[in-house]
Amino acid sequence: MPQSDASHELQRRNLLRCAALALGSAVFFFALLILVKTGWSPLRRLDHAWVEPLHGYARRHAAWTASLQTMADLGSPLTMRILLGLAALWLWSLGARVLACWAVAMAVVGWAVGQLGKEAVARPRPHFPDPVAVGGGYAFPSGHALASALTCAVLVLLVWSRATPAGRVVASTLAGLTVLAVGWTRVALGVHWPSDVLGGWLAAGLVLGGVTVTVELWRPGALLRDARRVDWRTRPRVQRVLVSEETPDHDRDQS
């Protein structure tokens with residue numbers, strides 16, 4: 001298969017995957033939003049069954065609570081957006097400007113979706129007479145969960161093409177554990193219901209897929225070309241020289 005045909009096929013598959021991610025996440029997110037908004041009793045009982053004992057444990061164990069708060073601070077939406085901003089600056093410096101705009105759009109759209117969801121549902125946070133932590137604003141969806149899931153997914157995607165199979169497993173595992181840990185802190189500290197965290201994760205999938213599809217339709221193939229540009233410009237210099245000597249001129253021009 002010619003290189004151009006292979007690129008178009010890869011682009012088509014990626015577009016379909018992202019569209020499926022956006023659509024699936026949207027269906028489950030809005031279904032959960034409706035259940036939360038209408039106060040579905042099984043969900044409400046499940047939320048209380050998790051939050052109340054975890055808050056009681058946190059209140060009795062100061063060291064545990066301090067470690068949870070530290071993890072929550074490290075995984076805050078502000079921290080995650082700073083990471084996306086730094087990634088965007090790095091990509092821009094390498095000439096991958098569409099990919100840089102994609103990363104910025106993730107941060108901006110993620111924030112907007114989170115705020116719109118909170119205002120639409122207006123769900124109160126868990127309330128305790130002796131809280132170990134206090135969160136501001138409405139509860140659903142969790143901003144920490146949304147931002148951490150979105151940022152970790154973006155960072156994994158950015159290193160995916162350059163990583164070995166083992167490196168991909170390590171990166172995916174670290175990202176998954178980070179997302180789970182940040183989400184856990186919000187429930188264990190008593191500032192979010194479990195369904196808030198789940199809503200944040202689903203919203204992250206919606207944003208990730210939706211923004212990627214939008215950029216791909218706006219600039220077909222640009223994300224893939226930028227990813228190859230980043231891969232080329234971050235290779236060790238000796239490796240770039242060896243590859244350039246072995247690559248015909250017309251192949252380099254296509255890249």
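The first residue you see is number 1, and the count goes up from there.
Each Cβ is built from the backbone N, Cα and C atoms, and glycine gets one as well.
Just so you know, TrEMBL annotations never went through curation; they're auto-generated.
The feature transmembrane segment is assigned by TrEMBL to 15-36 (among others).
What TrEMBL records for 74-92 (among others) is transmembrane segment.
Annotation source TrEMBL lists transmembrane segment at 99-117 (among others). Same-chain neighbours of the transmembrane segment (99-117): 33, 77, 80-81, 84-85, 87-89, 91-92, 140-141, 143, 146-147, 150-151, 154, 158, 199-200, 203-204, 206-208, 210-212, 214-215, 222-223, 226-227, 230, counting only residues six or more beyond its ends whose CB sits under 8 Å from a CB of the stretch.
Per DSSP, the secondary structure of the domain 'Phosphatidic acid phosphatase type 2/haloperoxidase' (99-212) breaks down as 84 helix, 0 strand, 30 coil. Residues or ranges marked as domain 'Phosphatidic acid phosphatase type 2/haloperoxidase' by TrEMBL: 99-212.
Annotation source TrEMBL lists transmembrane segment at 137-160 (among others). With a threshold of 8 Å between CB atoms, the same-chain residues lying at least 6 positions outside the transmembrane segment (137-160) that come near it are 29, 33, 36, 72, 75-77, 80-81, 83-84, 87, 91, 99, 103, 106-107, 110-111, 113-114, 117-119, 121-126, 167-168, 171-172, 175-176, 178-179, 182-183, 185-186, 192-193, 195-205, 207-208, 230.
Tertiary neighbourhood of the transmembrane segment (169-189): same-chain residues 50-51, 54-55, 57-58, 65, 68-69, 71-72, 75, 132-133, 135, 142, 144-145, 148-149, 152-153, 155-156, 159-160, 163, 196-197, 200-201, selected by CB-CB distance under 8 Å and a gap of 6+ residues from either end. Look at TrEMBL and you will find 169-189 (among others) tagged as transmembrane segment.
The transmembrane segment annotation in TrEMBL covers 201-219 (among others). Residues 11, 14-15, 18-26, 28-29, 32, 98, 101-102, 105-106, 109-110, 113-114, 117, 141, 145-147, 149-150, 153-154, 179, 183 of the same chain lie 6+ residues outside the transmembrane segment (201-219) yet bring a C-beta within less than 8 angstroms of a C-beta in it.
Counting only same-chain residues 6+ beyond the ends of the transmembrane segment (74-92), those with a CB under 8 A from a CB of the stretch are 99-101, 103-104, 106-107, 111, 114, 143-144, 146-148, 150-151, 154-155, 158, 178, 181-182, 185, 226, 230.
Along the domain 'Phosphatidic acid phosphatase type 2/haloperoxidase' (99-212), the predicted structure has mean pLDDT 94.
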